Amino acid sequence: MEQSRFDIQYAAMRAAIIEREFQHLNEKQREAVFHTEGPLLVLAGAGSGKTTVLINRIINILRFGEGYSYAYAPEDATEDDLLFLREYLRNPTEEHRMRAETLCRVNPARPWQILAITFTNKAAKEIQSRLQRALGEEFAKDIWASTFHSMCVRILRRECDAIGYDRSFTIYDTDDQKRVLTAIIKNNKLDDKVFDVRGVASAIGRAKDNLQTPRIYAIENTEDYYKSTVAEIYKQYAKQLKESNAMDFDDIIMKTVQLLQGNPDILERYQRQFHYVMADEYQDTNHAQYVLTSLLAGGYENICVVGDDDQSIYKFRGATITNILEFEGQYKNATTIRLEQNYRSTQNILSAANELIRNNARRKGKELWTDNGDGAKIRFHRSDTQEGEAEYVARMITEGVADGKHFSDYAILYRNHVLSNSIESAFKRNGVPYRIVSGLRFFDRAEVKDMLAYLWVIANPTDNLRLRRIINVPARKIGNKTVETAAMLAELNNTTMFDIVSHAAEHPELGRATNALTKFAELITNLQKMKEHMPLDEFYEQVMVQTGYLEALKAKETQEAQGRIENTMELKSNIADFMSRQEQPTLEGFLEEVSLFTDIDRMDESSDAVVMMTMHSAKGLEFPQVFLVGMEEGIFPGFRAMEKEEDLEEERRLCYVAVTRAKQQLYLTCAERRMMYGRTQYSKPSQFLKEIPKQFVDSNISETRQEMQEKLDLQPNPKYQSSRAYDISGAHKKQPVIAKKKTAQTVAAPALKPGDQVDHKAFGHGMITSCKPMGGDILLEITFDKVGTKRLMAKSAMNFMTKK
Ligand SMILES: Nc1ncnc2c1ncn2[C@@H]1O[C@H](COP(=O)(O)OP(=O)(O)OP(=O)(O)O)[C@@H](O)[C@H]1O
Ligand SMILES: [Mg+2]
């Protein structure tokens, strides 16, 4: 075809815009961004910009997508038309789409044709907000950027009648799941030591990750007594959930796969819808997620997965690294792009990460480099005790803040949550503000769960489990026996408990409770009606009042009850926040969001506090200053992992993930002695520390001493107070002495009194308002000019404070 005036102008204009748009990316990254058609694997190390590529790729597809290259303006297009088109290419709004289409054959993807899946809500939100900034809120909000779970819930809410569920289905969290399982284990008179509920729950979870239904699981496990019994529990569990119109987390994925596999018409609809499918952190997908992604991308096969085989850390949850390693086998025409430049960390941190992960045999192998410069050396610090370790962490942070850093620049990462206790105490003693990201669900407080249970029952009255939770809360004279009778009647009549309760008068077995039951059913029915014509937050308040829940708390008049009232009110703020974000906020929508919520999503980045979380939760995140604490043999790697090479490699990958979160400075700390689970443990520094070459490290750990200890296999004798009892080398003296001095300094309890003026390195000028002796130390309350009142323990505080 002859080139029209438009073609020439258009091509030049397009090239210029694209050039400008993506100039901040490197060549390899741009290659990935522009490779939009066909299967693409971006396999690259930490901090190399994988997530960045994924986001920019979406921007590219939506603004300059393949379709635009076929755009031809008619010969008679006016200057005005061309100007309009130029504007439209910059900012393709739905509003102007029609005119653009009449001018030229534009055929770029629409936002809802793009599916981008990630693992955490936080990551999904990050993608959404970056896309909104680039493409405009209105336009970007239709992109399916979400987690596996919320995407599946969205599909299921629309389509689940095809698999026999009602659209108002409830989502059970791990706690709900355990209640149901515990009851089943008890009813079947099984030994709950052998069939420990956590073990059973995780076996069922793994079965679902592998898309095994109760029937298939039973067929595949006939030989083994434990597993065949689990198969029976699984069967009963699935039946009960179905009857309650409920799904657990793992069901959400499995049922979506079943829905799509069992209903070709529905599958085809989604395959047609999703022109482009993308998945971040693909190394952590399990079998069910892999099948799901493949199914959804099956229409156009424009599938792009990004990941890092070295960061696969969820094997224990069924993730299988083969999904990423076999991508090229699955799609014969796949293109693979590797990124090697890291933009996050300094060279010292990267070299350490490279050397560490080199010890894994099973990997594809890659090296990262950066031109960020060497940066500061990594700091190793070994303390005598866990308290010493915690004090060190607190001291480094306070000194850093005194130096101009922010508390929020710091992250403390640990292998297990138990390791956070001593750090927390040290932060309290030193007035360091912190926030623990538990990775668990936030909405786990009893009163919040109660209110949510009410909301669930209103939305889905067939939810027997939640009905049981609230039917007599606050007390309504509906006893346990009545509840059990109602449950039995429901079973017998093949209906739900709510149905029985609503028709209590027809069941003489319910005896004197009939009245109370009928009233309860009326309460729920009335609330259901009320819900229809009231804003959600007002409705929530009505639920608190009508159910008598608020009244019952108020009547208690205790401090604790007051706290609970505040928590239930906080739930209202959550609802209000939800309403402000949604165009059509529904109760179901809110409940859904809540059930997929974890603490990490609530991490408020605006407040200045140190964050503490497990290494697993830190995936995909970055922080200027990172501490990895508890770097000891037996903790990290854990004893269990040390037995099998395969497990050790997974631990090492976790260490690689943790190390590569740091942008500027990495601290690795350990203690010789530590109280864990009520016992004092002595441990050697983690083998991972040894795998990091000395040239990248600044250490207080004397190597001679460590080597000596290992050579002689000397075990420290717990009878000695000082852990140095076994140290015969004397070579350690240099550094630790300095450390000792610091501790010695803190011992003298300072003579302070209310009214004294102080200068604190991190908090500035303040005045002591009270001094209370406490456990050989003094608890100070100080009102600082800048940061308000803080409570500090005098001994530690005097490291940073002078009296005026
Ligand atoms: N071309 C670039 N120029 C400058 N900075 C970049 C570039 N690409 C990425 N970055 C920055 O590097 C950091 C790491 O990027 P990103 O989080 O996308 O990496 P990742 O590969 O997804 O990391 P992870 O493996 O930890 O998930 C981010 O702060 C990002 O803004
Ligand atoms: Mg990433």
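The backbone N, Cα and C atoms fix where each Cβ goes, and this holds for glycine too.
When secondary structure is read from DSSP and collapsed to three states, Gly49 (ATP binding site) falls in the coil class. Neighbour count (other Cβ atoms within 10 Å of the Cβ, all protein chains): 22 for Gly49 (ATP binding site). The ATP binding site annotation in TrEMBL covers Ala44, Gly45, Ala46, Gly47, Ser48, Gly49, Lys50, Thr51.
As annotated by TrEMBL, domain 'UvrD-like helicase ATP-binding' applies to 23-346.
Residues annotated as domain 'UvrD-like helicase C-terminal' in TrEMBL: 347-620.
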Distance-selected binding-site residues near ligand 2 (C-beta under 6 Å), from Gly45, Ala46, Gly47, Ser48, Lys50, Thr51: Lys50, Thr51
The number of other Cβ atoms within 10 Å of the Cβ of Ser48 (ATP binding site), counted over all protein chains shown, is 28
Which value does the mean pLDDT take for the domain 'UvrD-like helicase ATP-binding' (23-346) in this predicted structure? 89
